[in-house]
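K.L.:
Feature list, courtesy of Swiss-Prot:
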TRANSIT   1-22  transit peptide
BINDING   36, 37, 38, 39, 40, 41, 42, 62, 122, 145, 146, 147, 256  NAD(+) binding site
BINDING   109, 115, 147, 181  substrate binding site
């Protein structure tokens, strides 16, 4: 009974996803590469991308254990062909021909650590991967998950500039987990179905640099000042909440993989010409004086088609934005400095 119900549920979900995208006969060939595919985020992300009907080729790369992940995921009877690549010598093969590269590589957060505590380790890892991307698939869209995103995205931009291959429309910091978390929290506070909720999250992707825009939430509900503060803080502290709940034995891997898959799906839809695909992301931006900023962007065949204006902000949000500017500015500068050492 359970198996038949699961099959029916899976079939229904797959048909729904196909309807939201394209019919199976019109879907272009798309290669997606995941760098860090054997890690805590990479493995569930690989599973979710294997289930995505927009993916025709799934390339899984890591420094170890990738063949096992590829063999396991490869048994799933969906469209994409899966190949696992392991070690520096195979990075080029993993990247060649990729339309979309997703990077969850790096060490996870542990209790008591901030995203910036991860900087020295993860920045070095990301720097090497970006150099390879610039060489082997310079025209791919790249989704950065590795923390601290506020710094790793500027590092990537500088590396691409040095290689003469920088296109600001193709570089994304994945902040979708912030949006996922705030939707869940808002739905609980506003007592509305979470599936109907949309709440933008702007500025950055590190603790206090995350600012939900409840004034633009749909469906709209009036939250008290205390509720705004509590829900904002819970969104900002979401990673810490998971790490503490896992008692030091893990970080937010499953929810991050889900969020990463959502944003990757949006990027693929944009590449395939689906109109009006809008998501929040940390990108090069001119809507504030900060060179990188998380806000709503319209995705298209070239990546970022438009960085949307912030729209009207409440007094609470205006105050929050002003308070966050110095912190996000310093993390951007930290990334630029590291890339140019």
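Keep in mind that glycine also has a Cβ here, set from the backbone N, Cα and C atoms.
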K.L.:
So for residue 38 (NAD(+) binding site), how many other CB atoms are inside 10 Å of its CB?
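P.N.:
The answer is 22.
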K.L.:
Quick check on the binding-site residues: of 36, 40, 42, whose CB has the lowest count of neighbouring CB atoms inside 10 Å?
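P.N.:
If we count Cβ atoms within 10 Å for the binding-site residues 36, 40, 42, the smallest count is at 40.
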K.L.:
If we check Cα distances from residue 147 (substrate binding site), which of the binding-site residues 36, 40, 42, 122 wins as closest?
P.N.:
122
K.L.:
Taking only same-chain residues 6+ apart in sequence, whose CB is under 8 Å from that of residue 146 (NAD(+) binding site), what do you get?
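P.N.:
When sequence neighbours closer than 6 are ignored, residue 146 (NAD(+) binding site) has 36, 103, 104, 105, 106, 122, 125, 126, 152 within Cβ distance under 8 Å.
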K.L.:
Using Cβ atoms only, which residues of the same chain lie under 8 Å from residue 181 (substrate binding site) while being at least 6 residues apart in sequence?
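P.N.:
When sequence neighbours closer than 6 are ignored, residue 181 (substrate binding site) has 234, 235, 238, 255 within Cβ distance under 8 Å.
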K.L.:
Show which residues of the chain containing residue 256 (NAD(+) binding site), separated from it by at least 6 in sequence, have their CB under 8 Å from its CB.
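P.N.:
Residues satisfying the criterion: 41, 104, 145, 177.
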K.L.:
Should residue 256 (NAD(+) binding site) be counted as helix, strand, or coil on the basis of DSSP?
P.N.:
helix
